[in-house]
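Asks: Here's a structure for you.
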Amino acid sequence: MRPQATLTVMPVERPLVGRVSPPGSKSITNRALLLAGLAKGTSRLTGALKSDDTRVMSEALRLMGVQVDEPDDSTFVVTSSGHWQAPQQALFLGNAGTATRFLTAALANFEGDFVVDGDEYMRKRPIGPLVDALQRMGVEISAPSGCPPVAIKGKGGLQAGRIEIDGNLSSQYVSALLMAGACGKGSLEVALTGSEIGARGYVDLTLAAMQAFGAEVQAIGDAAWKVSATGYHATDFHIEPDASAATYLWAAQALTEGNIDLGVASDAFTQPDALASQIIDSFPNMPAVIDGSQMQDAIPTLAVLAAFNRQPVRFVGIANLRVKECDRISALCDGLCAIAPGLAVEEGDDLIVHANPALAGTTVNALIDTHSDHRIAMCFALAGLKIKGIHIQDPDCVAKTYPGYWDALASLGVSVQR
């Protein structure tokens, strides 16, 4: 574990103006790394994110015989035979949900014994529904606790057929099955059950990346896809900036009435979290009810921004936030109440933020327990732009997805004190 250092964000008294380039998308980078590792040949991934989550994915690929070179700070060059070797050790993936779920399904396509494991936080994050789905497909796989570690005995390829999985649970399970399906023994149909598809936009990201690497995917209605067993071919692939990271900068601009140039328009993003830009643009008149089901990683940003809104905001469709890097609903509620008692309340799996614009310009003594969750650390820094006395615990946890976050704020004139 990282030592529990503390960082204090000092309020700003002027609009934030400048240019900041967000890092590459974590979601797309880890999809591209996986697909490049499954492809035959050499792929060049540009605009990529270099962070804790992408590091563990690239290191796992290296352990299985894939060559992953890093010629600069935003490029991966991946050379693979398309066949992975079982390593002598467990694949340790930290707290990277994308790497853990994507690799768990992909490993069923190869011969050998594999163990997928993570840190103490990842060992609390569910993977049972994906394991159950793979078991129904005939894969010899187990995760006794319903969370990592996961043991997989690969037999050289997923069986052809049809698999159903509840689309409400996690889009990462769906994406994992889709990406693995192209390397199986025959066509695989992945069908979603449940009343809604959670974070459908991330499934669309997966399908676009698969097709860029040569997969043949046919939509069957609105909630099923047939993936042909074509495998993948190497390609050059450019990764757009991270929309979740952009939300902090959009919110900082809104809070300070500034002008921060990200080098890319909000409507140019393909990631679902970019939907948050429209809500941020409505500040301080954000809607009374916000459905977060399709932009879950943006909810921490919006929740802190809502504290300064002109009316209370209820966040719905966010139950999956309870099984992210931490229970983000509780972490957000606790952090907001550390700033002002009663500022937020949990109601079932909804979060209600009782807006109080008068908080701006006040002084508190709020120690924010981030639970080593990068998004909790980054979103509460926004509160520090308007309120004196916001202290962020374990600030270096931002390295999971945005290692340069504190430097980015400093470049805009924000004083951060350790």
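Placed from the backbone N, Cα and C atoms, the Cβ positions cover glycine too.
When I checked Swiss-Prot for this same protein, it listed these features:
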- Asp297: active site, proton acceptor (ACT_SITE)
- Lys26, Gly97, Arg125, Gln172, Arg328, Arg375, Lys400: phosphoenolpyruvate binding site (BINDING)
- Lys26, Ser27, Arg31, Ser170, Ser171, Gln172, Asp297, Asn320, Lys324: 3-phosphoshikimate binding site (BINDING)
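Locate each feature and note its surroundings.
Replies: A C-beta separation below 8 Å, combined with a sequence spacing of at least six in one chain, links Asp297 (active site, proton acceptor) to Ser244, Thr247, Asp273, Arg375.
Around Lys400 (phosphoenolpyruvate binding site), the same-chain residues at least 6 positions away in sequence with a Cβ under 8 Å from its Cβ are Ser51, Asp52, Asp53, Gly94, Asn95, Ala96, Glu325, His374.
The number of other Cβ atoms within 10 Å of the Cβ belonging to Gln172 (phosphoenolpyruvate binding site), over all protein chains shown, comes to 26.
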Asks: Measure from the Cα of Gly97 (phosphoenolpyruvate binding site) to the Cα of every one of the binding-site residues Arg31, Ser171, Lys324, then give the nearest.
Replies: Lys324
Asks: Using DSSP and three states only, what is Lys324 (3-phosphoshikimate binding site)?
Replies: coil
Asks: Using Cβ atoms only, which residues of the same chain lie under 8 Å from Lys26 (phosphoenolpyruvate binding site) while being at least 6 residues apart in sequence?
Replies: Leu49, Ser51, Asp53, Thr54, Thr98, Asp242, Ser244, Thr401
Asks: Compare the Cα of Arg31 (3-phosphoshikimate binding site) against each of the binding-site residues Arg125, Gln172, Arg328 and report the nearest.
Replies: Gln172
Asks: Could you say whether, by DSSP, Arg125 (phosphoenolpyruvate binding site) belongs to a helix, a strand or a coil region?
Replies: coil
